[in-house]
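Written out below as structure tokens is the structure these notes cover.
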Amino acid sequence: MKVAVVKYNAGNIRSVDYALKRLGVEAVITADKEILQSADKVIFPGVGEAGTTMNHLKATGLDELIKNLRQPVFGICLGMQLMCRHSEEGEVDCLNIFDVDVKRFVPQKHEDKVPHMGWNTIGKTNSKLFEGFTEEEFVYFVHSFYVPVCDFTAAETDYIHPFSAALHKDNFYATQFHPEKSGKTGERVLRNFLDL
């Protein structure tokens with residue numbers, strides 16, 4: 001199986017690569033369109049700022065390529081947000097794979113800290129990514145923007161209010177949390193994606 005990780009100006013690519021290696025998978029980290037198109041699975045990770053990153057994707061043509069991939073594609077954190085219609089971070093139009101907008105967390109109480117950082121449970125899982133999961137699985141989040149619960153929600157969590165911990169539509173899968181930083185639970189998410 002050929003797994004490609006999209007290389008672009010976003011952090012966290014190496015930690016995804018290490019997580020895949022722990023599962024015995026040698027991924028190719030690349031921006032080469034032919035390699036991405038011919039891969040069996042594509043992972044679209046990211047830590048960064050939505051506006052700057054979308055500008056880079058558009059300048060390189062990776063925006064159109066990612067939208068048109070037909071194999072399973074897995075967006076992580078910023079990768080998930082960039083798969084949405086629009087982001088309040090940078091007020092930028094995104095890939096519009098998921099017809100939903102990315103919103104900024106607004107603290108409601110003094111103890112609400114932004115970014116949402118740390119371990120949280122996920123529930124209402126509705127995707128093959130979460131095969132074998134219980135209702136109380138802990139995963140690791142680091143983000144200041146979120147995707148509301150919507151028709152594409154594949155898992156939910158709650159911080160300040162309920163939001164999408166994962167999305168799924170056709171061949172596109174995505175998590176707001178970082179499976180590569182979520183221990184054995186995260187490894188199971190990655191393995192379930194690779195087994196699709």
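Every residue, even glycine, has its Cβ placed from backbone N, Cα and C.
According to Swiss-Prot, the domain 'Glutamine amidotransferase type-1' annotation covers 2-196, on the basis of sequence analysis. As annotated by Swiss-Prot, active site, nucleophile applies to C77, with the evidence given as sequence analysis. For H178, E180, the entry in Swiss-Prot reads active site, with the evidence type sequence analysis.
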Those residues of the chain, 6+ apart, with a Cβ under 8 Å from that of the residue listed as 'active site, nucleophile': N12, P45, G46, V47, V142, H143, T175, Q176, F177, H178
Assigned element (helix, strand, coil) containing E180 (active site), judged by DSSP: helix
Those active-site residues listed as H178, E180, and which of them has the most Cβ atoms within 10 Å of its own Cβ: E180
